[in-house]
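Participant: This structure is in structure tokens; I'll ask about it shortly.
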Amino acid sequence: MPDGGEHAQPMIMATGPHCSHSIEKAEHVAPIDGEKDEQQHETQSNRTSTSTLNDQERQDGSVTPDRDAEMALHSTRTSSPPFSVFTAQQKRMIVLMVATASFFSPLSANIYFPALNTLAEDFNVSSGVINLTLTSYMIFQGLAPTIFGDLADMAGRRPTYLIGFTIYIAACIGIACCDSYAALLVLRCLQSSGSSGTIALASGVVADIATSAERGSWMGWATSGPMVAPAIAPVLGGIFAQFLGWRWIFWFLTILAGVFIVPFALVFPETGRNVVGNGSIPPQGWNMSLINYLQVRKTRRDSSILERTVSRDSQRTAQLALARQRKLRIPNPLNALILLLEKDVALLLFYNSIVYCAFYDVLASAPQLLGEIYGYDALQIGLCFLPFGAGCFLAPSLSGKLMDWNFRRAASKIGYEIVKGKANDLRHFPIEHVRISVAVPMVFVGDAALLAYGWVMHVETHLAVPLVLMFIQGCALTGAFNAMSVLLVDLYPLAPATATSANNLVRCLMGAGATVAVIYMIEAMGRGWCFTFVAGVVAVCSPILWVLERWGPGWREARRVKAEELKAENIQCRKGEPEKETQSSPSVPGEASAVVEEQERKKR
């Protein structure tokens, strides 16, 4: 293929069954580097741009765009619409809401721990049987987001959030009132299904409103809820279980979710780019928040009759164009599994899950170790989690600022221009190196603290020492996890919720096994050697990051080429016309390509 996209690649039109197969396959190819620019008034052009990184780029990681593409990209960045029309204040409100929403899933999982013994007595079952409610919760915590993530990328964020919270609140009420173990088991699965999709949705919302250059900070705060909750929840659970009874745990969750969902439904705007573009296209009437409705009403009231007519026509045209692209269907959980077939994504998800397992091994074993060594009750054990939670709370801000700073530093080094608020074309940008260089030192610090923690608990030192190490682990491991999660969204910016769902699926299933195994490992190996083994697994798997940094850009480029070829074939199948060999001007893929094509159409 020509380097730099000097000519469009000729393609033979597929017809009949093969054409249908191509369309279906194209829809399941994950989006590629660089976010997609707004397509507010027309559907995509049938032009495809293909290129590959040259040998020098693959060897030393340096990237130098060709002159034509660089000039086109510069022109696009300065003249294209903003990536998002939401103001900084609106973005802060949006991210605060999605962070709070994603807080409910891990909160519901960990607030449950202090009540396990009481539940076993009330339902007359053994502790092993009652622990099945934990395992089933984590399994559905991994499975449910694959459905909710696909639904959110297809139909929008707001309706998916509202459906999930409706299920969650109903399940919480049912658990608070249930009198049988079978009902408890089923309702815990429903509770997990309703709340766990919010984690994947948070990443999707951030990808909707933030470019790659600023995504680190926003993503850090959006994912702070799931990281802080495991440390705070045991304290709350211990208080309720000790003073009010286990049923009040679920009445509390019901009240908390109800208090949150009312203002959320009123003010949270739809952000899905396949529904509202960059936020300038009003969503469907049933999907409007109060803010959306008041903004549309104010615009219509302040404009003239002619302006209102033109505005309504253009908005209706844009809404129809986006609706044709969405193709609503039954959510397919297999879409998340398809991402595991990509080499870079599979390696990233596996290593991310290893770090997550190490994180949860500390959480799962701490109650037993603190009780054995220091003789603490449930409430005192819960309070010991506060340093861990403080580290988790600081990690999003620290890692997010480091990622954004490192993005700007790398851009300055290679002469990559960043225009604030404009889309970023990641085709010629070493995004793997930028994210991984932040994750590596955090993994090293967190792994060293994990190793020391095991031997500190083995010799039973003063309580202050393990608490300090828990703080370091919470900050470092959470920061590394956030950096790798942001990289995953960078690799799949057009389907961020689906990509995060795949991440959630792998880490939750592996985490469920790790939390069960760690207690038996401590009993068989001892505290020191158990955590030495866990830290060793993280260290042995760490070369995966080097592999991703070395070969990831090439795999990402190959995926981009394949996706654009299938997209072009998809468009030709819909038009029913064979594609002719044409000569095109140098194209700029990613977020900028749609704008360049729009300008060319206007010139013609």
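Placed from the backbone N, Cα and C atoms, the Cβ positions cover glycine too.
All TrEMBL annotations are machine predictions without curation.
Per TrEMBL, the features are:
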- 24-41: compositional bias 'Basic and acidic residues' (COMPBIAS)
- 42-54: compositional bias 'Polar residues' (COMPBIAS)
- 55-71: compositional bias 'Basic and acidic residues' (COMPBIAS)
- 572-582: compositional bias 'Basic and acidic residues' (COMPBIAS)
- 94-553: domain 'Major facilitator superfamily (MFS) profile' (DOMAIN)
- 24-79: region 'Disordered' (REGION)
- 572-604: region 'Disordered' (REGION)
- 93-113: transmembrane segment (TRANSMEM)
- 125-148: transmembrane segment (TRANSMEM)
- 160-187: transmembrane segment (TRANSMEM)
- 248-268: transmembrane segment (TRANSMEM)
- 345-366: transmembrane segment (TRANSMEM)
- 378-399: transmembrane segment (TRANSMEM)
- 436-456: transmembrane segment (TRANSMEM)
- 468-492: transmembrane segment (TRANSMEM)
- 504-522: transmembrane segment (TRANSMEM)
- 528-548: transmembrane segment (TRANSMEM)
Participant: May I ask for the residues of the chain that lie six or more residues beyond the transmembrane segment (378-399) and have a Cβ under 8 Å from a Cβ within it?
Facilitator: 114, 216-217, 219-221, 223-224, 227-228, 230-232, 234-239, 241-242, 362-363, 366-367, 370-371, 438, 442, 463, 467-468, 470-476, 478-480, 482-483
Participant: Taking contact to mean 3 or more CB pairs closer than 8 A (sequence separation of 6 or more), are the transmembrane segment (160-187) and the transmembrane segment (93-113) in contact?
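Facilitator: Yes, since the transmembrane segment (160-187) and the transmembrane segment (93-113) share at least 3 Cβ pairs closer than 8 Å, they count as touching.
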Participant: Over the domain 'Major facilitator superfamily (MFS) profile' (94-553), what is the model's average pLDDT?
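Facilitator: The predicted confidence over the domain 'Major facilitator superfamily (MFS) profile' (94-553), as a mean pLDDT, is 82.
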Participant: With contact taken as 3 or more Cβ pairs under 8 angstroms (pairs 6 or more apart in sequence), are the transmembrane segment (125-148) and the transmembrane segment (345-366) in contact?
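Facilitator: Contact absent: fewer than 3 Cβ pairs fall under 8 Å.
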Participant: The transmembrane segment (248-268) and the transmembrane segment (345-366): do they have three or more Cβ pairs under 8 Å, with pairs 6 or more apart in sequence?
Facilitator: no
Participant: With pairs restricted to those 6 or more apart in sequence, evaluate whether the transmembrane segment (468-492) and the transmembrane segment (504-522) have 3+ C-beta pairs under 8 Å.
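Facilitator: Checked: the transmembrane segment (468-492) vs the transmembrane segment (504-522), no contact.
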Participant: So what's near the transmembrane segment (436-456) in sequence-distant terms, Cβ-Cβ under 8 Å and 6+ beyond its ends?
Facilitator: 355, 358, 362, 399, 402-403, 406, 465-466, 469-470, 472-473, 475-477, 479-480, 483-484, 487, 527-532, 534-535, 538-539, 542, 545, 548-549
